[in-house]
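TrEMBL has this to say about the protein:
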SIGNAL    1-27  signal peptide
DOMAIN    29-147  domain 'Ribonuclease A-domain'
Amino acid sequence: MVMFLKGMGPLWLLFILGLWLVSPSLTQENSRERHFLTQHYDSKPKGRDDHYCERIMVQRGLTHPCKDMNTFIHGDYPSIKAVCEDKAGNPYAGGRFRISKSPFQVTNCVHRGGSTRPPCKYRATSDFRYIVIACEHGLPVHLDHTVIAN
């Protein structure tokens, strides 16, 4: 076994170095995608009224302090992810963002005002909108805004 490791030393070192260099970027990429999903994705909303907004904003940790406005995209995640590719999205704003080719069902939760400390009260509006997202390595990482579907 020692002879095997002795001969593999340089290769083993290169392998370990490669893992060390690649892992942080993959972890960071995955954490940005997870953050996007936490803040903006709800596949099967219960309701879509003011109570829905108040409940999900607390569940997602968006009420310390009360976030002024947040949009939740509904539907299946592969459809949202596909906006990062040409089959479901187009370049937008100089190519920095992608706009969906099809509208998505969304719920906007807008803070009603008053104190920024919980309990937070939200007004819900539901609509179908095109989504404008930033993508990194083919993954959605930021919802920039939505555009009303005509």
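Heads up, the Cβ atoms here are built off N, Cα and C, so glycines get one too.
Whatever TrEMBL says is automated annotation, not expert-curated.
Helix first, then strand, then coil: DSSP counts for the domain 'Ribonuclease A-domain' (29-147) stand at 30 helix, 49 strand, 40 coil. On the 0 to 100 pLDDT scale, the domain 'Ribonuclease A-domain' (29-147) averages 96 in the predicted structure.
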